[in-house]
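Mind having a look at this structure? Questions to follow.
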């Protein structure tokens, strides 16, 4: 991942804080800061499909985040000091999670549409849609995954031996 040309040229990177069943992102997050890039992480709004990407101040900043009912670390609702990526300079790259992927760039998420809705908002930003890379295990690559008209295809899927 850290050798990837799109990652190397990106200055503003959004990445998920991994759950136990996802590709672990801790080392990537550490590298984002080591490289002097800006790091943004999701804050999901329950009972909706709204998500913001908020600035993470350092890798150590993760320990200050609240744990949601979904067992995800994220900035709390009353944390209003963090920059939201689209309120500022937008994003160059988004690393995306998922449950399954196909080689046409389709992604099966957890069903709420958070990332698809966020990418739609990105398209309205002056910088446009950031490059999207899904981080997957080889076992998550399928012949096809179900999609709807609201699903936004991913630019690239990285997995072992791809």
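Glycine too: its Cβ is placed from the backbone N, Cα and C atoms.
TrEMBL feature annotations, pasted as is:
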| type | residues | note |
| --- | --- | --- |
| BINDING | 17, 22 | substrate binding site |
| BINDING | 107, 108, 109, 110, 111, 112, 113, 114, 115 | ATP binding site |
Near the Cβ of residue 113 (ATP binding site), how many other Cβ atoms are there if near means within 10 Å?
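Counting Cβ neighbours of residue 113 (ATP binding site) within 10 Å gives 18.
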Sequence gap of 6 or more, C-beta under 8 Å: which same-chain residues meet both conditions with respect to residue 22 (substrate binding site)?
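The answer is 16, 97, 135.
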I need the least crowded one of these binding-site residues (109, 111), counting other C-beta atoms within 10 angstroms of each C-beta.
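Among the binding-site residues 109, 111, the lowest count of other Cβ atoms within 10 Å belongs to 111.
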Near residue 17 (substrate binding site), which residues of its own chain have a C-beta under 8 A away, given they sit six or more steps off in sequence?
25, 29, 41, 42, 62, 65, 72, 73, 74
Sequence gap of 6 or more, Cβ distance under 8 Å: name the residues on the same chain that satisfy this around residue 115 (ATP binding site), in order along the sequence.
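The answer is 51, 94, 96, 107, 109, 152.
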Give me the sequence-ordered set of same-chain residues, not including 107, 108, 109, 110, 111, 112, 113, 114, 115, with a C-beta within 8 angstroms of the centroid of the ATP site's C-beta atoms.
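The answer, listed by sequence position, is 98, 116.
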